[in-house]
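Working notes, structure below.
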Amino acid sequence: MLSRLFRMHGQFVASHPWEVIVGTVTLTICMMSMNMFTGNDKICGWNYACPKFEEDVLSSDIIILTITRCIAILYIYFQFQNLRQLGSKYILGIAGLFTIFSSFVFSTVVIHFLDKELTGLNEALPFFLLLIDLSKASALAKFALSSNSQDEVRDNIARGMAILGPTFTLEALVECLVIGVGTMSGVRQLEIMCCFGCMSVLANYFAFMTFFPACVSLVLELSRESREGRPIWQLSQFASVLEEEEDNKPNPVTQRVKMIMSLGLVLVHAHSRWISEPSSQNSTSISDHEVTTMLDDMMPKRVEPSMPLWQFYLSRMVTMDVEQIITLGLALLLAVKYIFFEQTETESTFSMKNPIISPVAVQKKQIESCCRREPEQEKTVHVSTTEEASSKEETEAVIKPLPLETSPKAKFIVGDSSPLELSPEDKNTMFDLPEEPRPLDECVRILKNPDKGAQYLTDAEVISLVNAKHIPAYKLETMMESPREGVAIRRQMLSDKLPQRSALQSLPYKNYNYSLVMGACCENVIGYMPIPVGVAGPLLLNNKEYQVPMATTEGCLVASTNRGCRAIMLGGGAKSRVLADGMTRGPVVRLPTACDAAEVKAWLDSAEGFKVIKDAFDSTSRFARLGRLQNCVAGRNLYIRFQSKTGDAMGMNMISKVTEQALARLQEEFPDLHVLAVSGNYCTDKKPAAINWIEGRGKSVVCEAIIPAKVVREVLKSSTEALVEVNINKNFIGSAMAGSIGGYNAHAANIVTAIYIACGQDAAQNVGSSNCITIMEATGPTYEDLYISCTMPSIEIGTVGGGTNLAPQQACLQMLGVQGASTETPGKNACQLAQIVCSTVMAGELSLMAALAAGHLVKSHMVHNRSKINLQDLPGTCTKKAA
């Protein structure tokens, strides 16, 4: 209930920052000027002689006071240094200054409004500074700065207020009650200082609850600049702040003790102020005459001012003692160091840690002013460029942006780096291009001229030809004779048709070999999608270590899999075997009658029919060899499932081609047979199917490992008994209750998809490839060790063809030593990759099941997998176990 009230308060303050700030300032000014209506113009030392107790100030007191002031200034300095660690010094610094200033002004106004004596301000100021605690303000600012957008700032401030508000309220109450005890001491100086302390605590609390969140909300609302799709002031993600506050959450026992202590202090104050004082007054035996005389002596007496008021204040400001000079000097020195020197160090550190390499700035160059040269010359430039020169150019591209092209000279450069230095021969082959687009007829003649072509046209002219249908949009790469230039023009054409013209600015397209994409991977290309690639390992499989690449945007996945790999490594490694190898294609054919379909099925099931079809099947490819035919009849439809090895290729295209040849041979035997589709979903490809789970498709693999009890306890933070129990009730009973097909596992699809994307596989085939059953059993002499196995009957995978031809994907395959076709045995690399996938799935299963058994799943994903909040440097469960 209390948190809900504070949340509502935080939402209101963050939603109305101007109103709250103006209201706070107005209230402060009103309280400051309220005593002006009393007509009291008394100013001690100027027009009034105010009697006070003259006491000799000891040198030891001066030294102690000076040390106290210096400590207070250093304390404030270190408070702001802690704010700097958040990475946003200016926003938090300004907000912190606002907090300190408003707290000080409010304290002064309250005390002045209550007509209290201000002579103790000099002594109380250090204690006032020492009572300022910016940790709560810093924590609230973290909530605001963890927002992904402007709209989330208010909600996150409200959440932060709901978490921090009750704790801060209790702490402020306890501080006031504890410090307030000093106001009952009877020692005048101590009473004044404690009064200031209470006012300071209340002022800080008031500013924290009203002024500070409003300022933070307003500052972030006015900061519209963004970087890489997120606000430039964003520090981390919201889950990191939640995790940090969860770890720093006060002990409930301590909170109860504070509440009990507060209640006790309230009773002490009530007894001292309302019960003890009357009795003590009654016990005094001072006569009325003595009291009157004492009061007359202490009353201020009016005198004639000896100087103007402004001169009086100026003299008070100029007159400084030695201890005040020392204090002021230290404050100025630390201020200069903080503002000037540490600013440079911070900016340098952040620029080294987070270099902003924005392809957007490079791409802002007008495409019309881009110039081109012959593709042969482009290749010459890149071939002749040394590795050192390339490294130097890339470094320069990070430090400074590319200059805008101002000349229409044909000088087409591929990549985000600075333009490479051209050889004299290349420069001599350049040609001038017109700045204004030429007529359409002239552009058509240049395009059709065999000696010229599209490279003699500007981008604007090419776009006009595409709009006039003289150049098909899908042929831009081939017509331009430079795939990257075709992609750039397509991006410009598409940008004009999008709701937001700058939508493609953050989608990169440079530094990519599109010649490998054309006709193989993608059409109508507008760029490429960078995906983070992590590594899990080492994975000890069949006595060989592997570093497994995983491309994913799901936090905690790689770290969790890495923990499983470590557990397998400490257990002696995993063993794996390929049970079967055969890609399938299941066409559907139609016969005149169901009896005819049954007759064809019987012929295919016979040895004679199988031999005829196999001869036709095998004659088409040097890799494809028909291993099995599986047939079924539905009415007059006949479904034939061809199963064949396909070497190191995944094999869908290969087996589709040979299936057509086999069907043509079948039609020769049965002329009435009509082929409806070469794929009749009897394969089955990219769809859940029991036939893949039972009969297998692609590579059928099994792997196993034994995890010692010590590793289960120390690395997986669980027990064998708990893991076996969760596996039975989750993976077996739970999947059966859900009617799952091949889903008797925890998250095999996670690992399969991540490896598939990294290694250039067909990501959609994770549907069938993720079929897996995970078995866990207690083993060992005392049945405390864990036996785990994963059986995956339909891993559709290959190391040649498709996305495996792209350089980044080839790099990931090379990490595993399975890139390309095997030079020893056809299909060896693909089978090895399938075993790696199965073993990595087992590692992921092991770690996730342990997290579930130990109850760590939610906490780890709060840290690593919260999209609205995309945490850093926090002790999350998965990284803690993987370390």
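Cβ coordinates come from backbone N, Cα and C, glycine included.
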So that I know how the record lays things out, could you check whether L190 and V303 fall in the same topological domain in Swiss-Prot, i.e. on the same side of the membrane? yes
Candidates are N282, N865; I want to know which one Swiss-Prot annotates as N-linked glycosylation site. N282
Which stretch, out of 10-39, 460-489, 520-549, is listed as transmembrane segment by Swiss-Prot? 10-39
Tally every other Cβ atom lying within 10 Å of the Cβ atom of E554 (active site, charge relay system). 17
By DSSP, what is the split of the topological domain 'Cytoplasmic' (150-159) into helix, strand and coil residues? 9 helix, 0 strand, 1 coil
With helix taken as DSSP H, G or I, strand as E or B and everything else coil, how many residues of the topological domain 'Cytoplasmic' (1-9) land in each class? 8 helix, 0 strand, 1 coil
Sequence gap of 6 or more, Cβ distance under 8 Å: name the residues on the same chain that satisfy this around D762 (active site, charge relay system), in order along the sequence. M650, M652, K686, Y756, E796, G802, G803
What does DSSP assign E554 (active site, charge relay system), in three states? coil
Arithmetic mean of per-residue pLDDT over the topological domain 'Lumenal' (40-56): 57
Counting only residues 6+ away from its ends, which parts of the chain sit with a Cβ under 8 Å from the topological domain 'Cytoplasmic' (1-9)? 158-159, 161-163, 165-166, 209
